[in-house]
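Colleague: Before we start, here is the structure in question, set down as structure tokens.
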Protein chains: 4
Amino acid sequence: MKKIAVMTSGGDAPGMNAAIRAVVRTAIYNNVQVAGIRRGYQGMIEGDIFNMDTTSVSNIIQRGGTILKTARSKEFMTPEGRKKAFEQLKKHEVDGLVLIGGDGTFKGAHAFFGEHSLPAVGIPGTIDNDIAGTDYSLGFDTAVNTAVDAIDKIRDTAEAHDRMFIVEVMGRDAGYIALNSGIACGAEDILVPEKDTDFKSILKRISNDKRRKKLVNIIVVAEGDDFGGAEAVKAKILEHFPRIDVRATILGHIQRGGSPSYFDRVQASRMGYAAVNTLLKGTSQVMIGLENQQIICTPFENAIKEHAPLDMDMLEMAKILSS
Amino acid sequence: MKKIAVMTSGGDAPGMNAAIRAVVRTAIYNNVQVAGIRRGYQGMIEGDIFNMDTTSVSNIIQRGGTILKTARSKEFMTPEGRKKAFEQLKKHEVDGLVLIGGDGTFKGAHAFFGEHSLPAVGIPGTIDNDIAGTDYSLGFDTAVNTAVDAIDKIRDTAEAHDRMFIVEVMGRDAGYIALNSGIACGAEDILVPEKDTDFKSILKRISNDKRRKKLVNIIVVAEGDDFGGAEAVKAKILEHFPRIDVRATILGHIQRGGSPSYFDRVQASRMGYAAVNTLLKGTSQVMIGLENQQIICTPFENAIKEHAPLDMDMLEMAKILSS
Amino acid sequence: MKKIAVMTSGGDAPGMNAAIRAVVRTAIYNNVQVAGIRRGYQGMIEGDIFNMDTTSVSNIIQRGGTILKTARSKEFMTPEGRKKAFEQLKKHEVDGLVLIGGDGTFKGAHAFFGEHSLPAVGIPGTIDNDIAGTDYSLGFDTAVNTAVDAIDKIRDTAEAHDRMFIVEVMGRDAGYIALNSGIACGAEDILVPEKDTDFKSILKRISNDKRRKKLVNIIVVAEGDDFGGAEAVKAKILEHFPRIDVRATILGHIQRGGSPSYFDRVQASRMGYAAVNTLLKGTSQVMIGLENQQIICTPFENAIKEHAPLDMDMLEMAKILSS
Amino acid sequence: MKKIAVMTSGGDAPGMNAAIRAVVRTAIYNNVQVAGIRRGYQGMIEGDIFNMDTTSVSNIIQRGGTILKTARSKEFMTPEGRKKAFEQLKKHEVDGLVLIGGDGTFKGAHAFFGEHSLPAVGIPGTIDNDIAGTDYSLGFDTAVNTAVDAIDKIRDTAEAHDRMFIVEVMGRDAGYIALNSGIACGAEDILVPEKDTDFKSILKRISNDKRRKKLVNIIVVAEGDDFGGAEAVKAKILEHFPRIDVRATILGHIQRGGSPSYFDRVQASRMGYAAVNTLLKGTSQVMIGLENQQIICTPFENAIKEHAPLDMDMLEMAKILSS
């Protein structure tokens, strides 16, 4: 292998830059050239490809976002688009790929490598932590810490005013961010997509709290919850308790950015390092994953399956600990 | 003066706890007893009043929110409510008051002291920084830093995706938070209530940026802007540029909470200290303020007027520096 | 079981308060009374024991330190001291114990329960992460993030001045904090107690860097490294390169405090919850641990053994990634 | 004026990058070319000068350190060195200078412009805030917040262990950082260079605290204090109270780095903007300053005088509020 290319795709996640750095430095250490592809598959199609050296990745390990930028590409969903992309890679003499992204990235890879032959290794990067084949995907740790930091601030106001806040966090159709940020902030209720929302028990708890003059302060809602997000929950509560002081707040995109936590930087470094070494050893069409703290490999076709079940006992625990 | 009472009122602001601490400790140092009133004027009416000593305020200087809680009180807007409040204060033998809050607090005080006689001193506490008679009100410095921290994170995603974000910040009808957070984050446009929004120039800039393949990344909008907030701005931009990737995000209540900055803690300490010393010197019915870094006093009736003009040159500067 | 007592012992660690909260709330949920013991074994001997209810632990999940305080106790190392402690527990009708602390805590417990009979469960809490029988001890995640945040700041100056910094981090005789913060900050060298320091290779690297006009910027040293800490490393470097601009900085106690990360809060909650449930199920004289993300139990006598080996491959990786 | 050059000199300070950005963008907006000089006066002598455009300063407003690097230069202290520097500037056709740094920077400028003629404007950048002719120098706000954040963490441990910490902060021979961080953290004593340390009163207070079973927790010491820093204070306390658990900790270089606060970014933007506009208006050999929030100009020879007196009342207040 003489030259590999690296790209990021899908939503950006903290730790992507640390992974890029690891890929570039590990490749160069092994006398392999590295090219960067800008804006994911779309940049691949357009040939937005440039050579990188060790200094290209100086001073980026601590930065959020991705220096390679990211984008969605409708064109790549067509065989013609993928053909163009492959031709660009050939033109740039790329004979190995490292793909950093979420399940959409690996779906794309699966289609691509069904048609064209090129060794590739993936690295899971999405704050939603919803990729099969790995216990962890880059960005989750940082995203939960960011959500917790925000909810801690909101709680100051909630307590000062005896006000209830419905806080919506990210995670698409997965409840990991909601569950973990909810427990960490002592939320009185946590609504996740993995469990049908039992609104009666929420209303009952509010009713009990009112009786003993304490108000439920914080309810954390996953954006993918079946009940419909923070505004819907707020509306429903007001329907039953019209005089409660309740606010909905959507944390939004602050959860994607920011300097990665040590954990995201270290795992990104390990995964980037492993990705290149895996390619060099001749293994490909796999995603690097983390299982019980160890680096493992999972074939691309398994990396696109659904996410692991949520630990429902932790939801139960959260209620007991916030009572 | 044998016993003073202290309360917080209006929206909570970082630094309120530091001010409470300074009031309590300064009073006790001067052999004056201190009572805390919970939940502002409403608690005053209800007699939610308790004795405080130096340990009541231990370990609170670094906390957001207010340990005395805060609330709005419709009852206090009536003469009957204010009479009840006064009787409660007499019952608790309070012969001096320290009021921490925003212009609503001082409006209430003005009505109260028009009917009842009791020495009182105010401390400006609101993140909006929109109180006349002082250069500074507690919480502003922390709130702007919180907004900046959030927008920095959003910019990571904005740059990774070449996406435009319209970020709405707090400040009610004042543009201070928007102006300062916007400059600090290098926002390409800043919309404030103090200036009619010139949407044509915004569109023109986007158009120019598109031509040279750069996109305006961040527009900061004050919640009180005449154009109607982040969602309205986003809708209008999409009307003209339907294919732009633009998102609206409302930072919301995270801006109110959090551990106060050194500046808020120091000014809160100075103001609380000055408030008690002012009362003890026999001056009252004034708000403590900060003018050119010096502590000053302003009569309550002047503390309720409109806010100081925004520095329009800084808006101009912001555009030049983000170009 | 009618009444359990909870205490913290040894060095404080972020997450201890979250664990206390979980213990108290879980016990009360199960109709078991809870007493708090202040200042660890010393407070146990002195009978510094008080009743706790659900509000005793309100609003502490996000705080560093420990509301139960902690202390060392020479008296507890004697049979007489332990006898006094046991009598105090009997006097307060305590029939179960939850001990939160490091290996010293469990050594003490081992001696105690060899002489006196009382069901007890331990929770590992030490930033050093050096306790056998668990993958994780509370405080480590927060401590590494604190160290990383500090080293990121130092790197700003290191790069501005082309200056080398030798940064000493905590961890006693374990190199976990050094290894993880070093990788996360892109340190050019990491010195840990688990590996003999090869000073020649450090000197060689500096020499190589000088030749290509780049200087090693950051070397992270564990406080327990065989070479003797940051000052010793600095002195030795200056011996060989007298004209290098090199500074030593000891991060010190900032690494122990601060608001716990989400991970520490969640694991503390799980461990505190599990500790009480374990006691109630009739299991005791064990430490709660985390193994592959699952809660496990380890007998006290195994919890005091030496720490797990460091992953030496990660040291190798760190060098490659920082080159 | 066709081309200006900008450089940073002396210790780095948060906000320097924001000032560089403002200088570059304002110049280009006014159709003036900009060159960057690396490593201060030493780089000027060596001709380490390069052209900058608006993208050279993209995405740096939020970064600590200085992209232009900084250095000390012995050679510039000689007339020969300054002559070389001037020749380099002429060679690069620089006809205006913006100098960002501390009093050493302006002393150098004073000597330089005594011998060579070139319009120049200065911007005060040093965390010590000890420059005459301005109320504020860039970096101070961020540095105090960093110190406060660190001391907050240390207090967690101080309270958990009833341990006393002597914390040494930066500031050279000025006590501003010590005074403000000390008040903000509720330090029980604050030792500053501007006041002879009255050790008897410190001992007396410790003695009083011991009597009522409370220990002084935090003493903040300026590095320039006459008593000799944290270790000296600790030694002296142990001499009188050998059984007290007291630790010394030196915050060190973390205080210089980190992402600048909003205040530093805004003032840096204003100062950089004003510096170029001042040059273009034909005024030079002045330092931009801030006086009562307004931008002012001070001749270089006045910018090098001693620092403003410390507000001694605030030291008195600090003691009362921490009692």
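The backbone N, Cα and C atoms fix where each Cβ goes, glycine too.
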Colleague: May I ask you to find which of B:GLU93, B:GLU194, B:GLU223 TrEMBL records for the substrate site already listed with B:THR126, B:ILE127, B:ASP128, B:ARG163, B:MET170, B:GLY171, B:ARG172, B:ARG247, B:HIS253, B:ILE254, B:GLN255, B:ARG256?
Modeller: B:GLU223
Colleague: For the ATP site that TrEMBL lists with B:ARG72, B:SER73, B:GLY102, B:ASP103, B:GLY104, B:THR105, give the additional residue from the candidates B:GLY11, B:GLY175, B:GLY182.
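Modeller: Candidate in the recorded ATP site: B:GLY11.
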Colleague: In DSSP terms, helix, strand or coil for B:ARG247 (substrate binding site)?
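Modeller: Going by the DSSP assignment, B:ARG247 (substrate binding site) falls within a strand, counted as strand.
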Colleague: Sequence order please: the binding-site residues B:ARG25, B:GLY104, B:GLU188 that have their Cβ under 8 Å from a chain D Cβ, otherwise just none.
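Modeller: So the ones by chain D are B:ARG25.
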Colleague: Using DSSP reduced to three states, classify B:VAL23 (ADP binding site) as helix, strand or coil.
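Modeller: Looking at the DSSP assignment, B:VAL23 (ADP binding site) belongs to a helix.
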Colleague: In whole Å, how far is B:THR126 (substrate binding site) from B:ARG21 (ADP binding site) when you measure between their Cα atoms?
Modeller: 17
Colleague: Near B:ARG256 (substrate binding site) in space, meaning Cα within 10 angstroms, which of the binding-site residues do we find among B:GLY11, B:ARG72, B:GLY102, B:VAL216?
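Modeller: The binding-site residues passing the 10 Å Cα test are B:GLY11.
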Colleague: With an 8 Å cut-off on Cβ distance to the B:GLY11, B:ARG72, B:SER73, B:GLY102, B:ASP103, B:GLY104, B:THR105 Cβ center, who else from the chain surrounds the ATP site?
Modeller: B:SER9, B:GLY10, B:GLY40, B:GLY101, B:LYS107, B:GLY108
Colleague: Quick one: of B:ARG25, B:ASP128, B:ARG256, which recorded positions have a CB closer than 8 A to some CB in chain A?
Modeller: B:ARG256
Colleague: Are there any residues at least 6 positions away along the chain from B:ILE254 (substrate binding site) with a Cβ closer than 8 Å to its Cβ? List them or say none.
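Modeller: For B:ILE254 (substrate binding site), the qualifying residues are B:THR146, B:ALA150.
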Colleague: Under 8 Å between C-beta atoms and at least six apart in sequence, can you list the same-chain neighbours of B:ARG72 (ATP binding site), or say none if there are none?
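Modeller: Expected: B:GLY10, B:GLY40, B:GLN42, B:GLY104.
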Colleague: When the Cα of B:THR105 (ATP binding site) is compared with the Cα of each of the binding-site residues B:ARG25, B:THR126, B:MET170, B:VAL216, B:ARG247, which one is closest?
Modeller: B:THR126
Colleague: Show which residues of the chain containing B:ASP128 (active site, proton acceptor), separated from it by at least 6 in sequence, have their CB under 8 Å from its CB.
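Modeller: The list for B:ASP128 (active site, proton acceptor) reads B:GLY102, B:SER137, B:PHE140, B:MET170, B:GLY171, B:ARG172, B:ALA174, B:TYR176, B:ILE177, given in order along the sequence.
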Colleague: Across all the protein chains here, work out how many other Cβ atoms are within 10 Å of the Cβ of B:GLY102 (ATP binding site).
Modeller: 26
